[in-house]
Amino acid sequence: MKWLEIQVTTSQEAEEAVTGILYDLGAGGVVIKNPNDVKELAQTSEWDYFDPSLLEEGEEVKISAYFLITTDITDKVNFLKERIWELKSFGINVGNVKVEVSEVDEEDWADSWKKYYKPLKVGKRIVVRPLWEEYSPKEGEIVIDLDPGMAFGTGTHETTKMCLQFLEDIVKPGAIVFDVGCGSGILSIAASKLGASYVYGADVDEMAVKIARENVKLNGLENVEIFQSDLLKNFRGKADVIVANIIADAIIRLIPDVLPHLKEEGLFLASGIIKDRFEEVKERAEEFFEIIDMKEEKEWLSILMKKKG
């Protein structure tokens, strides 16, 4: 299938606003190429390998949006230009805007993001390696092979990174781990490779379940079971660790149901909490749990809890 690619070159400041306009116009997908993201990672120890040419991209942001080819595409492009121009009236510096339109195959845009997804070291030992990249692990490193497809969880997002860092410290040999809202399966796979005896991962989304199962198979793991479930609904038994990297509303709904599924000395790790919702989540969590540790990165928080008493 052919799609129409509309690529907008704009400023760092206007990135979020322009992306919102493209989604409002009905974009079927958006790829954002922001050189600052690359530079930020390159200055840390988290990205062991990257293409140095990515550092030569300048300061402009390129936002590519993909639309089904229709007769009104000219109207969409004109409307887009008008909306971007209007951003100036709100005091947003849009930079030297350029709008380019081209036809692309579905396979091309679906895979275009892969060139920017490289092996990533998270925490002390875990390295997330995309399926299409070569990587030679250093001594003591734990490599997770991953093809995230359309499921959430590549290791690059702050919420996933914080979960992986916590799991390095709390998953003990022989542990039973529940991964609620498993997405790509990255946390389930990490728990297994960190020594868990058995891991149960579930997601409400059928596509995520399919992708997670494929990633478990890709890593050659036989002690990870992936299934479909709305939060803890289809889980059985108790776990030493329950991890949920989901949105704040889902965490609030999940919290009371964690207790009967958690062993007496077990730990509950909740992530995906935006700063603006933290107090709300914290208040609900403290009705049932004692918060023993927290991590914060940019606008996201992760909290580690144990049963009260």
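Sequential numbering from 1, following the chain as shown.
Here the Cβ of each residue, glycine as well, is placed from N, Cα and C on the backbone.
Among ASN93, ASN96, ASN234, ASN245, only ASN245 appears in Swiss-Prot as part of the S-adenosyl-L-methionine site alongside THR160, GLY181, ASP203. DSSP gives GLY181 (S-adenosyl-L-methionine binding site) a coil state; it is part of no helix or strand. Neighbour density for THR160 (S-adenosyl-L-methionine binding site): within 10 A of its CB lie 25 other CB atoms from the protein chains shown. Residue environment of ASN245 (S-adenosyl-L-methionine binding site) contains 26 other Cβ atoms, counted within 10 Å of its Cβ in all protein chains.
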